[in-house]
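Heads up: the structure comes next, in structure tokens.
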Amino acid sequence: MSLFDVKNQMEALVRELKQHNYNYYVLAMPSISDYDFDQKLKQLEALEKANPQFLDPNSPTQKVGGEITKNFRTIVHKWPMMSLGNTYNEQDLIDFDQRIRKAIGDDFEYVCELKFDGLSMSLTYQNGKLLRAVTRGDGTKGDEVTANVKTIRSIPTQVSGNQMPTEFDIRGEVFMHKAAFERLNEERLENGEATYANPRNFASGTVKMQDSAEVAKRPLDCFLYFFYSDKNPFKTHWESLQAVKSWGFKISDESRLCNNIQNVLDFIAEWDQKRFKLSYDIDGIVIKVNSYAQQQELGFTAKSPRWAISYKFKAQEVETILEKVSYQVGRTGAVTPVANLKPVLLAGTTVKRATLHNANEIERLDLHENDTVLVEKGGEIIPKIIKVNLAKRLPFAQKIAYINRCPECGTELIREEGEAVHYCPNDEECPPQIVGRMQHFISRKAMNIEGIGAETVEAFFQKGLLRHISDIYDLKNHQNQLKALDRFGEKSIVNLLEGVEKSKNMPFERVLFGLGIRYVGATVAKKLAQHFKNIDRLLKANFEELIAADEIGERIAQSILDYFADDKHIQEINKLKAAGLTFEIEEKEVVLASEKLSGQTFIISGVFENFSRDELKDMIEANGGKILSGISAKLNYLVAGDNMGPSKLEKANKMQIPIISDQDLLALISN
Ligand SMILES: NC(=O)c1ccc[n+]([C@@H]2O[C@H](COP(=O)([O-])OP(=O)(O)OC[C@H]3O[C@@H](n4cnc5c(N)ncnc54)[C@H](O)[C@@H]3O)[C@@H](O)[C@H]2O)c1
Ligand SMILES: [Zn+2]
């Protein structure tokens, strides 16, 4: 190859890797496997080493791949947050060990730790109090996400103990447990929202959300693994881990002190097997030289420490053939494509299906009929297709075209702007939507109707007994038809009707959740019920009034408006009301605590550390104040928390409305 060609090849690799970094860190949508990414990076590294005259100082080999966003305050890291050199084979580890021995001799120890697959976070503490939390960003500076991180229970806001310096940084990995990921993703699917591909993306997307109240609803966890201080009282990394544990930080119990590379290799072999049993994903093992003095001697490269390395487990992958793509329609009409595969053994189980998420994913893979595909199963339960083996593509194979009609009812699908998901809009006639809606209504988390299960609903629908939720309350008038059904005895009919009758006492929030309004999950339904107290006020609420409620964002508000704009839905609600279901919350009689705020008007906006917005609202009302729905000249105070919308702030400033904190409000009441 001529030098000119080498230079071109290097430039092409730099461009390609930068794009992959962007896909991975910013979009959280990688288009190649980690393994392939790492191989390309190594190839570039080798070319740069052989041809240093062409080294681009901005090459991905020289820099941490992440970026900062413009949505948060940018903070410069006191100690840069570096990447780790990585390898997928044992020989590299033995070479790593040799290099260390050459530099510092034979007298040293390693600490082996699990490599948690999440996102790294730097926490700064002063006098034992959590001051701020910052993401890795580009390694030198990151996004300040303190309000969000404070919602993570395993991160203490106050610590104390022996040897604790007045100021220190501690770093670790924020992640989501697999079970929580499955549950929340399932909920998103049910609510018609786009799902996340893996727990890491979910955790990373969550930490960068603007609304801390939303973050609080998604359980994140954190293991800590690096300690930094100008006055570091410790001599070794291991010692620091034990100390921070005693101060109240969460560290992993699986770390191990090893005194030679063979022990390290044993640790790796052990976890290669055991990793699937963990409740969270790990993607490898991190090996660190224990002594700080020796770490210092070894130093750093441009982007990673020379005293540490990560051994990455190769994801379990296997090739198989795509037999066909089928489509499932959920109760909200959301359509999910599924790859049906030629059954194949992978990580101990037979895989027949893989999720394809949405049309974008099919496009990304450029999937063709009968393609040979590479299927991967990481820690996740549902396998996914990584890529197509183009060499095995059949001649004249047709590209997979996303369906444009509903596979269940034939209605033309719609896809709203900016949404990844296709919907079948025929909510009245599309069977899986009709049945799914009723199944959702009777489910445990919604109305919890005893004596009727998902199969019964399906069977009753087939027999023409059930079509709308309100028909459930009419079943008592069809006892003869019920008796005529096979395998449905007297006793089960009595149970069923009893269960239906009892459900009329279910609280308003359950009824609201049971209706199955898109994006109105159990928590949102509860917030709506608390805020509006009854269905009539909720029905009358406009957009501004909806988003003034706790945790109700613009998308949810719009979805609620759309739902109530449909006459059929109103009729259905009226029938349910007539049947005697609960459509209001029991009002406790409001006894005014004081008249201190009487005649004063308020708007509450943003997120507060110590109160929910509804708690503040109750506090204001209990002291005689009134809540307004929008900023106007009549407004006396805007109570502002973190992450308040910029347009609101601007408006309030323009109208010179006093902006006060929750503490100021407390002062008004207690004076
Ligand atoms: N597929 C793609 O398109 C693509 C693109 C870019 C990067 N990647 C992947 O990301 C990797 C690079 O990511 P990276 O720079 O975040 O580094 P990394 O994953 O190689 O390792 C460093 C990170 O490991 C984490 N970590 C977990 N447990 C740890 C522990 N016990 N001690 C110390 N650190 C621990 C920290 O967050 C740290 O920042 C690449 O190896 C590649 O596999 C993939
Ligand atoms: Zn349909």
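In case you wondered, yes, glycine gets a Cβ from its N, Cα and C as well.
Under the heading NAD(+) binding site, TrEMBL lists ASP34, TYR35, ASP36, PHE37, ASP38, SER83, LEU84, GLU113, ARG136, GLU173, LYS288, LYS312. Listed in sequence order, the same-chain residues six or more apart from ASP36 (NAD(+) binding site) with CB atoms under 8 A from its CB number zero; the list is none.
Secondary structure at LYS115 (active site, N6-AMP-lysine intermediate), taken from DSSP and collapsed to helix, strand or coil, is strand. All protein chains considered, the CB of LYS115 (active site, N6-AMP-lysine intermediate) has 23 other CB atoms within 10 Å. Positions annotated as active site, N6-AMP-lysine intermediate by TrEMBL: LYS115.
Among the features that TrEMBL reports, Zn(2+) binding site is placed at CYS406, CYS409, CYS424, CYS430. All chains included, 17 other C-beta atoms sit within 10 angstroms of the C-beta of CYS409 (Zn(2+) binding site).
Residues annotated as domain 'BRCT' in TrEMBL: 592-671.
Comparing C-alpha positions, CYS409 (Zn(2+) binding site) sits nearest to ASP34 among the recorded positions ASP34, ASP38, LEU84, LYS115, ARG136. Shown in sequence order, VAL329, GLY333, VAL335, CYS406, GLU408, CYS409, THR411, LEU413, CYS430, GLN433 are the residues of the chain, 6+ apart in sequence, with a C-beta less than 8 angstroms from the C-beta of CYS424 (Zn(2+) binding site).
For ligand 2, the nearby recorded positions are CYS406, CYS424, CYS430; that is, of LEU84, LYS115, CYS406, CYS424, CYS430, these have a C-beta under 6 Å from one of its atoms. Taking Cβ-Cβ distances under 8 Å and a sequence gap of 6 or more within the same chain, the neighbours of ASP34 (NAD(+) binding site) are ASP283, LYS312, ALA315. Every protein chain shown contributes to the tally, and the Cβ of LYS288 (NAD(+) binding site) ends up with 22 other Cβ atoms within 10 Å.
When the Cα atoms are compared, ARG136 (NAD(+) binding site) and LYS115 (active site, N6-AMP-lysine intermediate) turn out to be 16 Å apart.
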